[in-house]
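Participant: Let me give you the structure first, and then I'll get to my questions.
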């Protein structure tokens, strides 16, 4: 099992747990309260900075607010994660994902400390940032990769800044830390790099990363 599949499996298992805990189909439509999400590990910055609950950065990144939320995030992860895993290798890919996850969480904790946040898209934004970094490190051949990924990032940043209940801090924080981690960690030998690049971006295939990604949802309090 590759790491991307494992990450998806963990997210799905966590969502099943949320659904069972919610008692019925409320979790499928996102009909849950902030209190429910908080009790199950959602990130609230004040809980981390004032009460030391930094573990919420990790747990929140594997929780989701509705069926469509997790479905879109996992689809995006299956696409961009597969490419990253080939380009970086499993170990470096895991490091990039972890660093982006933490970067997104820390950004939320300090720049949106009262928000109740769940979702993997901060880390997924980080993977997109890492792909841009890899493209820059690839030189001339990486221009195709950068040219495919940058418009996707731009579109999703527009969505992030214009649609309510989206974690701006999480997405921007994940993107920046993912880019930095990717730039530092991308050290692939030329033969392996060419093989991975040919696999990830065959001439006849659609760009794997050319998909919009689901944004972290902050559930509205229910009456």
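Note: Cβ is positioned from N, Cα and C throughout, glycine not excepted.
Per TrEMBL, the feature domain 'Peptidase S54 rhomboid' maps to 52-186. Under the heading transmembrane segment, TrEMBL lists 54-72, 93-112, 118-138, 145-163, 169-186. Annotation comment: TrEMBL describes 204-223 as region 'Disordered'.
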Participant: Can you name the far-off residues of the same chain, 6+ from the ends of the transmembrane segment (118-138), with a Cβ under 8 Å from a Cβ of it?
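Facilitator: Tertiary neighbours of the transmembrane segment (118-138) are 7, 11, 37, 42-43, 60-65, 69, 73-74, 76-77, 80-81, 83-84, 87-88, 96-97, 99-101, 103-105, 107-108, 144-146, 149-150, 152-153, 156, 167, 170-183, 185-186, 193, 197, 209, 213-219.
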Participant: Looking only at the domain 'Peptidase S54 rhomboid' (52-186), what is the mean pLDDT?
Facilitator: 96
Participant: Residue counts in helix (H, G, I), strand (E, B) and coil for the domain 'Peptidase S54 rhomboid' (52-186), per DSSP?
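Facilitator: Going by DSSP assignments, the domain 'Peptidase S54 rhomboid' (52-186) contains 109 helix, 4 strand, 22 coil.
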